[in-house]
Amino acid sequence: MKKILLIVPFLVFLISLGSSAQNIQIKGKVIDETKAPVSDLTVYLSKAKDSTLIQYATTDVAGLFSMDLKAVEEPSFLTFSLLGFIDKVETFDKITETKDLGTLTMENDSDVLSEIVIVTDTPIRVKNDTLEFNAKSFKVRPDANVEALLKELPGVEIDADKKITVNGKEVTQILVNGKPFFSSDGTIALQNLPADLIKKVQVTDYKTKAEEFSGRKAKSDDASINLTIDEENNKGLMAKLNAGIGSIVDNANRYESSGLLNYFQGNRKISILASSNNINSEGFSMDELFDNMGGGRSQLFSFGGRSGGPGGFGSNTGIIRTNMVGVNYSDQFFKDLETNASYYLKDTQNKNNNRSRVVNLLPDGDFITESQSQRLNNNTNHNANVRLEYKLNPTTKLFVNPQITANKNEFSSQSTSQSMDADGNLYNESNEKSFSSADSFTFTNSIQFNKKLNDNGKNISVQLSNNNSSTTGIGNTNSATLFYQDNQEDDIRNQEEQSKSTADNYSVTAEYSQPINNKAFIDLGYTFDYNNQTDLLSTYNFNETTNGFTDFNDRLSNQTHTNIVTNTPYVGINYQTDKIDWFVNSGVNVANYNASATYMGTDYSVDRKFVSPYVRANFRYKLDRSKNLSFNYNYNVTNPNATQILAYERLNDPLQTYIGNENLEQAKYHSLRLGYRNFNFQMRSGWMVFANASFYDSQIVTSTTFDENRKRTTTYQNVTGAYTTGLFANWNKSYKFNEHSIRYGIGANISYAKDKGYANGTLYDANSLTFRPNVYVSWDYGDLLSIAPSYNVSINNTKYQNFQLAKTDYIKHNVMLQTTTYWPENFTWGNDFSYTYNTNIADGFKKDYFLWNTAISYTFLNKALTAKVKVYDLLNQNIGTSRTINPTTIVDQENTVLERYVMFSLTWKFNKFGNASSNRNRGGRMGPPGMMRDL
């Protein structure tokens, strides 16, 4: 704990440095010629000698603004700018004290509707529901990427897991000139497009294709970012290649290599990426300093979405070798057809040794299971994807998105385990060797048809989707399970399993929207879902006479089939104004459910009809441009699967038998979410609070009983009264003065849950409280230094009813520090440091560890080449220990992790995009008022 407290004075110093920085203000009120207040107007202060941006603010709904800044000892000018008004400019010889400018009147611009008007590139502009940043108004290093640019924008936060939020809204889509760049999550664009290529950063609410076409407001509470590039710069070639060789670990050199090639020519974009490494980087990353190493900085592009988090700090288990290649092509072949196609190949291998200790919690006591395993997993994945967007006419649009995925997986394992009481008396022990191989093929497709029936909002939309998949597999198991507490026969197996699964899912949704007036709409919709799945498992024992797996084992073989047809008619009401936006969709789910199985010559069947309400509701209230309140409610229903509802035995695990429950009902629960956001652009600070809850009318839980040898028999039951609740809050603030840029924030995540289940026939309650506070600071000093410390702690407390154990506790501390220095010229030195401390972890598992990654680079040959030396886990302390607490288990485990290595690498960059090279001096510089711009 003393080690953790060492960072506290440093955090306090950085926060106090920022809070004492601004000591004077410029303030006033802006009105129009009718004396009405002007809101959303941008006010920005610039140096007279070169138009470098000093500070900016925006007016609120009352037309008021205030700008905090340090004394300005040189001539400057203050610009007031908003589309529709003539820019107003105030000049100052110097600013050494607070200035109240009183009331200023903006004159209407009579040329606002002309094709060319005189405007300035204001730092921030609000256009209806779009928040637009002028990229060149925000200072970044000359070689910075788009991610560095986003970090400079007010209201934008990027956390340790690379999740981006804007004014509290999570960004789920990033586009370049309105189109995906390799993927809609934008990972490749953020890390590899140069910041000086970007003209505008536009933030809007995320919309579906139907919402985009109809012009209706978004129902989603997420955000979308669009990066715009000038037409003159939207052409050229960019390439980046990296190769590195590292020290020998476990008789093999660590290595990494990656490459990215982008060709832009207007609407045509061709991108190729490739990567190969054995340092646990499963996605694609080309971090400027750490490349694929991670350590809390690298954002990994994973085919199909973001990979699980930062590639460091012990986040991955095992040693992972990855090879991948991807191609992306987008074009507009003719005016109304936009095309995007991509292909990815990814091949991975994961080697992992695992050691675990599990305390199994029972109402009448507990027992311990200790296990060890060695695992090898090889996986090859092919993915081809096409997106077609065709505008048939001004009122009709068609969107088609087919995708094909082929996957091959091979898995081998060798494991041992022992279950015992607290005194070490054995209940059972086992050892097993196994191998399995599976091939799968999946075809998915989505077709969306949208038709406007008039200009008042009347429209129809139809969406058809399908998911067809098949998987075949074969596996061999050689195991011995010994029982010690009674006369139960030991379980010896040498067998082969052959499996085949097919699944066909189809869905059709049709919706008609009719305006009631200019604010309200009524929607009539119908959804049809068809789901059909068949699973076949055939098991054969080894026959010594034939020397093959020829003896059919009917006790370990079965066939199941599931067919679910769901009809959902619904009606919806939407109401939208500038301030209030709400909708309610209500209907009924009618599911015809049929599950059947054949086991040991006996047929099992369940034929049910489930009828449940369908309810979706959302309410948003916009108090002003920066404050909004939101609430949503959903009623959710989940069908039981075939193995849960069919009452036949599944004996494939020697230590656990599963039996379904034919009386099982659907899982039904209410989901609620309440949120409030407030971001003050003038103060560059914001806070948000979100509360969520789920209440179960019916929940499907496991019911497990144990015999004398602690062999499990598990079935399924419905319980009521379980719930989960959560509260998330965050506050952040940023300062800019002279060469200093400081951001800091605090946050907390609190959850409370009541879980229910059956253990040895007894219904238990587990009440869990989790508290996760965090604090973070980042300080940039010009182009020379960047420091970002943070601290978070996770506190878990679980109390039980009907258990011999009264409660469990667990605390995990984590301190992180990132530093980067850019001095001397052409040199960059970065450090990622983490300290983790786990309390209450079992004896034999290390409680704490340091992880320190460091890298130094030198750029030469006109910044085309960069040589780097990187060290992963400099102190050689990385461990893979963790503790997980569930209602019925406490799991302590240790996995294989990367050990210390040194990597020498060379990176080559080539960038030739239109006039991008002429923009290298960007960063806070803007043209003087009166610059000509096309609208």
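Cβ atoms are placed via backbone N, Cα and C, with glycine included.
From the options 409-431, 478-500, 547-569, the stretch TrEMBL describes as region 'Disordered' is 409-431.
Long-range contacts of the region 'Disordered' (409-431) within the same chain, counting only residues at least 6 positions beyond its ends with a Cβ under 8 Å from a Cβ of the stretch, are 360, 365-380, 437-440, 479-485, 654-655, 708-711. The DSSP breakdown of the compositional bias 'Polar residues' (409-420) into helical (H, G, I), extended (E, B) and coil residues amounts to 0 helix, 12 strand, 0 coil.
When the domain 'Outer membrane protein beta-barrel' (774-908) is classified with DSSP, helix, strand and coil residues number 0 helix, 93 strand, 42 coil.
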